[in-house]
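Below: the structure, in structure tokens.
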There are 6 protein chains.
Amino acid sequence: MYYHDRRLQYPVTVEKPDPAFARMLQQAIGGVEGEIRVCMQYFFQAWGNRAPTPKYRDMLLHTATEEIGHIEMLATAVALNLETAPASLQEEGAGDGIVGAVMGGGNARHEIEGLIHKNLLSGGLAAMPMDSDGVPFNMSHIYASGNVAADMYCNVAAESTGRVLAVRLFNAAHDEGMRKMLHYMIARDTMHQQQWLAVLEELGGPSANLPIPNSFPQEMEDQANNYNFYATSVDGTFPEGRWTDGPTVDGHGEFTVFQNKPLGEEPILGPARPDSGAQDQQIG
Amino acid sequence: MYYHDRRLQYPVTVEKPDPAFARMLQQAIGGVEGEIRVCMQYFFQAWGNRAPTPKYRDMLLHTATEEIGHIEMLATAVALNLETAPASLQEEGAGDGIVGAVMGGGNARHEIEGLIHKNLLSGGLAAMPMDSDGVPFNMSHIYASGNVAADMYCNVAAESTGRVLAVRLFNAAHDEGMRKMLHYMIARDTMHQQQWLAVLEELGGPSANLPIPNSFPQEMEDQANNYNFYATSVDGTFPEGRWTDGPTVDGHGEFTVFQNKPLGEEPILGPARPDSGAQDQQIG
Amino acid sequence: MYYHDRRLQYPVTVEKPDPAFARMLQQAIGGVEGEIRVCMQYFFQAWGNRAPTPKYRDMLLHTATEEIGHIEMLATAVALNLETAPASLQEEGAGDGIVGAVMGGGNARHEIEGLIHKNLLSGGLAAMPMDSDGVPFNMSHIYASGNVAADMYCNVAAESTGRVLAVRLFNAAHDEGMRKMLHYMIARDTMHQQQWLAVLEELGGPSANLPIPNSFPQEMEDQANNYNFYATSVDGTFPEGRWTDGPTVDGHGEFTVFQNKPLGEEPILGPARPDSGAQDQQIG
Amino acid sequence: MYYHDRRLQYPVTVEKPDPAFARMLQQAIGGVEGEIRVCMQYFFQAWGNRAPTPKYRDMLLHTATEEIGHIEMLATAVALNLETAPASLQEEGAGDGIVGAVMGGGNARHEIEGLIHKNLLSGGLAAMPMDSDGVPFNMSHIYASGNVAADMYCNVAAESTGRVLAVRLFNAAHDEGMRKMLHYMIARDTMHQQQWLAVLEELGGPSANLPIPNSFPQEMEDQANNYNFYATSVDGTFPEGRWTDGPTVDGHGEFTVFQNKPLGEEPILGPARPDSGAQDQQIG
Amino acid sequence: MYYHDRRLQYPVTVEKPDPAFARMLQQAIGGVEGEIRVCMQYFFQAWGNRAPTPKYRDMLLHTATEEIGHIEMLATAVALNLETAPASLQEEGAGDGIVGAVMGGGNARHEIEGLIHKNLLSGGLAAMPMDSDGVPFNMSHIYASGNVAADMYCNVAAESTGRVLAVRLFNAAHDEGMRKMLHYMIARDTMHQQQWLAVLEELGGPSANLPIPNSFPQEMEDQANNYNFYATSVDGTFPEGRWTDGPTVDGHGEFTVFQNKPLGEEPILGPARPDSGAQDQQIG
Amino acid sequence: MYYHDRRLQYPVTVEKPDPAFARMLQQAIGGVEGEIRVCMQYFFQAWGNRAPTPKYRDMLLHTATEEIGHIEMLATAVALNLETAPASLQEEGAGDGIVGAVMGGGNARHEIEGLIHKNLLSGGLAAMPMDSDGVPFNMSHIYASGNVAADMYCNVAAESTGRVLAVRLFNAAHDEGMRKMLHYMIARDTMHQQQWLAVLEELGGPSANLPIPNSFPQEMEDQANNYNFYATSVDGTFPEGRWTDGPTVDGHGEFTVFQNKPLGEEPILGPARPDSGAQDQQIG
């Protein structure tokens with residue numbers, strides 16, 4: 001169960017509100033690389049964790065709980081950046097100092113409204129659980145497979161795309177307060193990349209973990225096709241690299257190359273059933 | 001651009017059709033761990049690849065093209081397993097030998113129809129691009145970030161959850177033909193886990209790649225918060241592990257522990273604007 | 001069953017077409033607060049209504065049918081506002097009087113196209129069943145629970161957010177015809193808020209209806225936890241209000257405050273099953 | 001920001017695991033009436049709250065934080081009910097005592113697998129953020145409008161449909177532990193219904209709050225159409241009730257009835273533009 | 001604008017309620033081939049129709065309005081088929097005559113609940129705007145392109161898949177009342193297929209309408225690639241048919257065959273930008 | 001199974017990158033009329049094709065394979081148009097020659113970023129499988145019904161809306177390279193419209209194919225309601241046309257007109273069940 005503190009994890013300040021930047025921040029809230037995703041992913045991994053000891057359940061709860069605070073920071077940042085967004089016709093005029101300064105004047109109203117549609121119309125100038133294009137977050141992006149190594153790679157992937165996004169937002173940020181907040185979130189993403197890789201190392205590293213799942217006897221998979229790169233180009237060329245020869249990363253085999261060709265036959269499904277809603281011509 | 005061969009990548013045979021298993025196979029077609037996902041993910045990573053050389057674009061095209069053949073195999077397997085699914089009332093009777101044999105008789109019709117609803121009603125006893133619960137695949141699961149290392153971890157994650165799924169399907173399979181097909185697909189997932197990890201190794205491994213993106217100067221992130229585990233439990237306890245002390249995985253720092261507390265203040269958004277559709281009581 | 005009249009429920013005129021406003025109006029068509037939602041919500045509540053008399057089924061049909069006419073008005077308004085949206089390159093020039101006047105000239109083409117993408121590319125300068133960010137309406141927003149009191153509160157909620165949206169659109173409208181149309185729709189939302197609250201009053205008001213569902217014997221719920229506010233702050237503070245002491249709104253109890261603490265234990269799921277696709281380390 | 005305790009809010013025990021009931025519980029996790037919805041709805045309402053004082057922000061945070069613990073309880077309950085779900089072919093046999101006992105034997109495997117598809121294949125016998133049909137939760141269901149009264153009605157609606165769902169689950173529950181957990185959750189829903197209604201009362205009740213938003217001058221809405229019930233039946237009949245005559249619930253008017261007829265004309269959009277991708281026949 | 005009649009378009013009766021069939025009927029309500037789809041598709045085509053005369057707008061309104069009555073019939077049929085669905089544990093026993101009779105007894109409860117999850121838990125034993133797998137209807141399936149010929153083909157497609165579905169439901173129906181209702185709906189689908197094809201004929205048939213849109217000067221399209229079948233098989237074989245030689249259907253050309261080969265070069269995107277969040281290795 | 005060639009199907013060049021046009025092109029990749037849709041639709045129709053001969057399976061594979069190359073061309077075009085999109089604050093200045101030239105200077109940064117949000121933030125200046133409003137492609141748009149005639153009409157519909165879209169993009173294109181690419185894609189859409197209509201002709205044309213499915217004995221449908229236009233206007237007027245009298249398109253009947261009226265009665269669902277979570281007032 002959970003507790004809260006009214007204060008924020010880290011300071012969130014905005015000197016010069018920027019509605020366009022508010023919309024960009026939405027990607028870090030409800031984008032597939034965003035904070036709702038990692039928060040809920042770690043929670044569901046924790047709550048469904050099956051293991052001899054509750055150690056990883058525990059650890060995941062710590063970080064999932066931390067992530068709620070990140071969504072909160074970003075939601076606050078969005079709201080602060082929308083402080084001066086126009087809500088009515090009257091503000092379009094020359095008198096609207098801040099909007100004019102931020103946006104360059106002229107056709108500011110349409111431009112801003114076009115950028116923040118739902119934040120204004122549906123959210124009332126606040127953050128919403130959606131991405132920068134207004135697409136609501138879809139919870140199918142919560143990866144929790146029941147396999148701890150697969151989950152850790154999902155987490156590294158999430159924190160890698162997450163930090164890439166945070167860096168892009170940092171690069172696009174005008175405001176010193178926003179850059180400060182983002183330089184903190186970038187740092188936390190660095191730690192979380194490390195954290196999940198540390199679990200994989202603690203579990204024994206590539207040779208122990210791979211292939212995932214390691215509980216399936218590897219001799220039951222097709223031994224002729226588990227370490228060969230399939231070259232599918234019509235001219236038979238392929239790019240050579242670490243994946244075309246030498247020992248495999250798990251140390252269980254050697255990389256080779258297979259010039260792809262069909263190993264099966266043309267499938268024949270045969271005529272449709274008379275009562276299946278097909279055309280007569282298919283029933284034959 | 002692309003070519004096809006009418007034959008299958010690997011043999012797909014079904015001796016004893018099983019509509020329930022057909023539905024389970026749908027997860028490997030249109031589930032978030034399925035083959036449409038990896039196929040399209042590798043294609044979009046290839047098509048958007050920016051790099052000094054086209055080497056990774058090339059490699060991704062080989063494997064993306066291979067994956068089309070995997071979707072094809074699974075779609076064929078679904079269709080073959082639905083060969084005897086009932087399409088009409090008349091088959092419910094005792095005379096329906098195969099369904100009776102497969103399902104145990106009795107209330108077979110409802111059970112099967114409940115399992116395969118859309119495959120029958122909408123797809124006409126064929127595969128559809130949806131998961132085992134009938135949820136259509138949503139293309140937001142195609143992760144292609146523009147950062148090659150982040151993409152590779154996304155790919156390892158996809159092939160890890162993909163092989164976990166394939167193993168579960170193998171464990172649930174009755175039919176020898178289906179187990180044969182799956183033992184091949186499990187092998188290909190093994191290779192693809194290796195392949196993406198091999199790229200990461202070729203790029204220099206953890207110390208060179210991390211944190212992702214490595215193009216952001218690490219001194220610009222918050223140095224006080226990039227390698228410390230945040231303990232968020234109210235009683236101050238936390239699980240010790242590879243992530244709480246010792247050198248970090250990237251070799252750039254040392255893990256420490258931070259007893260979490262607010263570093264920011266309570267945020268004050270202030271009253272709503274008069275024209276923002278709020279209640280009078282909020283405008284103050 | 002249903003009939004139509006070619007004429008509109010209320011006049012819809014646009015003197016000065018405004019593509020950006022067309023996009024904003026989309027929120028009232030296909031947004032979660034929009035008219036498709038209330039129309040279909042009232043229909044499904046009516047069609048599934050179970051009660052001793054068909055009275056509420058009847059009433060819901062009247063209002064659902066009215067709402068079709070509201071979607072029609074808004075769709076017409078969108079089409080009229082898109083009359084002069086640019087469909088080709090050639091119009092970008094100085095000669096395009098109306099667009100120039102509306103948008104302020106200059107980089108008008110990109111701005112407009114960026115605002116109305118799908119209305120132009122997919123809808124051919126007409127309304128579409130999507131919101132102002134182009135997200136298609138998802139029918140999971142049709143709340144029809146089979147409980148008439150719950151449904152009425154869902155309807156009050158829908159008409160409240162709906163009128164908030166209509167007011168925001170009114171505040172953003174340039175055109176006199178649009179303001180006229182919206183001042184009518186705002187009025188209808190006022191009536192509908194009243195209408196659903198009137199049903200709740202007719203059903204006996206809070207003391208008779210609450211808690212919803214009132215058909216579950218209240219003595220079977222946890223009597224120790226049904227009227228206490230849970231304070232979850234780490235420092236034990238909480239905001240006092242109508243919900244922390246005094247009689248409850250239903251008159252069945254007294255509000256109290258509970259300093260939240262765990263009433264359960266740490267859950268132990270134990271090791272994973274050997275055949276479940278977990279890692280060996282989880283199986284223990 | 002946030003803290004956690006490893007222990008559960010309330011005891012969650014399962015004596016006789018029931019995979020089918022696990023699937024039903026999913027509705028309370030990721031259904032539109034479920035706990036993710038209320039948790040995130042209260043958080044986003046809090047984080048975006050604009051008001052002269054932070055009182056409602058505070059209160060919302062208390063209850064949002066409480067709700068995380070409810071998701072956790074349900075996720076734990078799902079995992080416990082899936083303890084004996086079959087993960088492989090081998091368990092289908094007569095020897096599987098527990099499954100046999102729970103499900104009545106016979107064709108148990110297909111039945112169970114058909115019920116829990118994704119929980120097994122994708123989640124590894126754990127809870128997932130989806131509903132009882134396997135549809136992932138879509139965050140567009142987080143209603144946070146920026147208007148406190150509209151939000152409170154959204155919350156009453158959510159807790160009403162939520163308690164209806166909890167009662168249905170209670171009625172369907174076999175297990176004493178599950179009934180105990182649900183009798184607690186039903187009680188919390190009772191409180192939360194009261195809590196949001198208490199806010200509305202504190203804000204002044206119907207006469208002060210209505211119509212929502214009350215910040216729009218009511219004289220600007222169409223005074224001829226804001227308190228009349230529209231009768232849309234072709235025969236002119238309509239159901240009489242609290243909504244057809246007498247004072248309105250807000251006390252601002254009198255209910256009347258309007259026999260619906262068109263107040264506008266047939267809309268004429270005219271021919272399509274030559275460059276708009278229409279057919280020649282439309283361009284005229 | 002619109003009117004209603006409390007009576008149904010056509011009789012809907014159910015002698016022997018069948019919850020499993022109720023779920024199948026959901027496909028005809030909220031499936032992509034269902035009645036919500038055609039109803040809303042015809043409405044949006046009508047409301048956005050641009051043409052010299054309102055003739056097609058008119059006609060579309062007639063049929064769209066008819067379709068509301070079809071959704072109503074199906075929603076009623078679902079509710080009637082759920083009359084005896086179990087809502088509580090107590091009904092599982094031998095005493096539940098009707099369910100026993102319908103389902104064959106034994107483990108009926110789980111089976112039924114597994115089939116109708118959301119209709120019970122969320123809808124209270126009524127129809128919902130979702131398909132037979134519980135996936136909510138997504139309004140992106142409303143095709144209204146602004147081109148009348150394209151729209152007519154979309155409508156023929158919708159009524160073709162719709163009639164295929166209705167036939168499958170007819171074939172699966174037990175109940176005489178349900179077969180009667182479906183034999184009516186199948187007939188209406190027959191008419192609607194004819195109706196949209198009649199419009200295409202009235203517009204001049206293939207030679208006048210094709211290619212769609214016919215307002216784009218055909219000489220501006222690539223004359224070398226507009227009537228040749230691309231053979232993409234690696235071995236150069238292809239299936240001969242009406243599409244490989246002879247005059248084209250529009251009479252504007254002759255079919256030929258092109259052995260596919262690349263007409264373009266390998267695309268080179270070049271290195272990533274330094275500030276784009278890529279890896280250093282991509283920036284080069 | 002499949003092969004690839006690194007080269008493109010047709011040349012894709014961009015002289016003057018235009019980020020706004022890149023976003024518009026997204027509609028042709030991940031819009032409902034886009035290339036992912038037709039590619040996957042033809043594949044799933046092929047893989048599930050049941051017929052006496054594999055002829056149509058073969059033909060569909062040829063064209064599905066061709067379409068992969070179209071997605072590739074468009075993805076390349078998007079990436080090339082995003083070459084100069086701003087990724088950081090620094091480029092906003094006057095020095096940014098290309099952006100300034102393209103966009104007209106001034107507030108270019110916000111405008112562009114508003115147009116391409118996710119392509120920048122999530123995709124790293126590359127194409128993504130989503131439409132021009134950033135909505136990810138949803139695979140429920142893959143129509144493959146198991147009925148070959150229904151499928152062919154779905155394909156004609158897809159290629160008709162697809163060519164309409166391509167023409168709109170051509171009309172909006174600045175760049176000569178883009179117009180060249182589009183004039184090729186428009187031509188291929190012309191061919192594909194012909195191709196699917198040719199199949200329908202080969203299958204015997206309207207009289208043989210209709211009504212779809214033709215395998216359901218037409219005498220089993222309601223003979224009184226299969227060729228009459230339902231007039232639903234309250235005043236009894238209706239638009240006369242090819243659909244109101246004369247022989248039907250299939251030649252099986254004569255069109256007539258039916259003044260719509262209810263053929264059924266008011267449906268009575270009756271009171272709710274005591275244990276169904278309804279209100280007491282509904283149980284009666």
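Glycine is treated like the rest: Cβ placed from N, Cα and C.
Automatic, uncurated: that is what TrEMBL annotation is.
Noted in TrEMBL for the protein shown:
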BINDING   A:Glu35, A:Glu67, A:His70, A:Glu159, A:His192  Mn(2+) binding site
BINDING   A:Asp58, A:Ser233  Ca(2+) binding site
REGION    A:262-284  region 'Disordered'
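Positions of the features from TrEMBL, shown on the structure.
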residue	record	Cβ within 10 Å
A:Glu35	Mn(2+) binding site	24
A:Asp58	Ca(2+) binding site	19
A:Glu67	Mn(2+) binding site	24
A:His70	Mn(2+) binding site	26
A:Glu159	Mn(2+) binding site	27
A:His192	Mn(2+) binding site	27
A:Ser233	Ca(2+) binding site	19
Exercise. At the Cα level, what's the spacing in Å between A:Ser233 (Ca(2+) binding site) and A:Glu159 (Mn(2+) binding site), rounded?
Worked result: 34
Exercise. Applying the rule Cβ within 8 Å of the centroid of the Cβ atoms of A:Glu35, A:Glu67, A:His70, A:Glu159, A:His192, what extra residues of the same chain belong around the Mn(2+) site?
Worked result: A:Val38, A:Cys39, A:Thr63, A:Glu66, A:Ala158, A:Gly162, A:Met185, A:Arg188, A:Asp189
Problem set entry | Helix, strand and coil residues within the region 'Disordered' (A:262-284) as assigned by DSSP | 4 helix, 0 strand, 19 coil
Exercise. With 8 Å as the upper Cβ-Cβ limit, not reached, which of the binding-site residues A:Asp58, A:His70, A:Glu159, A:His192 neighbour chain D?
Worked result: A:Asp58
Exercise. How many Å lie between the Cα of A:Asp58 (Ca(2+) binding site) and the Cα of A:Glu67 (Mn(2+) binding site)?
Worked result: 15
Exercise. Can you check what DSSP calls A:His70 (Mn(2+) binding site), collapsed to helix, strand or coil?
Worked result: helix
Seminar exercise, completed: Filtering the binding-site residues A:Glu35, A:Glu67, A:His70, A:Glu159, A:His192, A:Ser233 for a C-beta under 8 angstroms from chain F leaves A:Ser233
Seminar exercise, completed: A:Ser233 (Ca(2+) binding site), DSSP three-state class -> strand
